[in-house]
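A short write-up of the structure that comes next.
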């Protein structure tokens, strides 16, 4: 008589806990665009989500603690002239965010520490080079000011944000059709892409060469998403020929057969994978689903182990994923998601049940910190480095705000050399006026908050 042995794992009982109503962000108008991105980006300071906007594209940025009902007149980041498709926070500066839009541009913005007081229309830098809409933006994990963008012109551009110039181009000869997903390796040496031509590619972007390639990792016609996981492996999500959703794990050195292939269900939503390199857990969030599945990846067969699933009643329109340094370690929180409903953003904490209140070193190994390991020039010159790690034992203390400095070169020099037309106020005058307007808006906002509290008190009585 054989006995089934249950695999030992400290993550077997991880459970999801949705935030209470007063910890959610209410009355937000989430974008109706059908693009397959998360529509939400979070970091230890801010929550950003792509929202509906008339007359162009916009996204909302709120300080993380500013929960509750969001004022309908809240200032937005609204410099794009067409809908925003993707947003991403810079991993080395919590005040800098990049956005890609249907207007074919990538814009990089700097958000003040307290959040926006006025609508933000002027980006720090506008990156122009795509000829069709930009659907993917992704920051380099270890090199400073390096940003990747992928457009529906089948081109991937790598930008040096410090100079505002495209330094690398992967043209349509690499991807002959629409690019569905792009992911950097942990040290930023390689990128992994999935494309509408049903191929997943591992690419060395500085040389423009395809290191490994897999044709039809999933037999179905629906979009495939691919991410790097530990030890040189990649994980893909897609559909079978019978339209069943699948998740597969591949060794990039031997792409003939998957290390593991599992069928999940017959839903139609594309699965967005989020990988945590500290715990080797991958979370799968389907657009239109009401659940989050999570799997543990190990170095021995069968490699991909299903752990559990968090389910709720309402479906998700998008999902944001908090970096490890933004979590509450004293509550054994190993991941946090920001689930977008139609009119709400709801944080969901993934927690390991532990009785002790002490710091759990096995759950929190040193994790990627906010300091870059390389400059853009060093990375372009051929150097690679893993992220600079920090300990979370005493909690994470954010560094002081860092200003994003952009040297626009000849173009900005030309603008400085152009004399101002007569009757135009000087830049100093404009700056003082803008500062006065910001102060007035802050006063108005405080008065409005007091008025709202007064109304609530009157209604309660």
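Glycine is treated like the rest: Cβ placed from N, Cα and C.
Copied from TrEMBL, the annotated features are:
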DOMAIN    4-68  domain 'DUF1899'
REPEAT    77-119  repeat 'WD'
REPEAT    127-169  repeat 'WD'
REGION    403-434  region 'Disordered'
COMPBIAS  403-418  compositional bias 'Basic and acidic residues'
Legend entry - Chain residues outside the repeat 'WD' (127-169) and at least six past its termini with a C-beta under 8 angstroms from it: 35, 37, 82, 85-92, 98-108, 175-179, 181-188, 191, 193, 205-206, 208, 368, 372-376, 378-380, 384-388, 404-409
Legend entry - Distal contacts, the repeat 'WD' (77-119) - CB-CB under 8 A, six or more residues away: 31, 33, 35, 37, 39-46, 48, 50, 53, 56-63, 66, 125-128, 130-139, 141, 144, 147, 149, 151, 159, 161, 323, 368, 370-372, 398, 401-404, 406, 437-438, 441-442, 445
Legend entry - Confidence summary for the domain 'DUF1899' (4-68), mean pLDDT rounded: 88
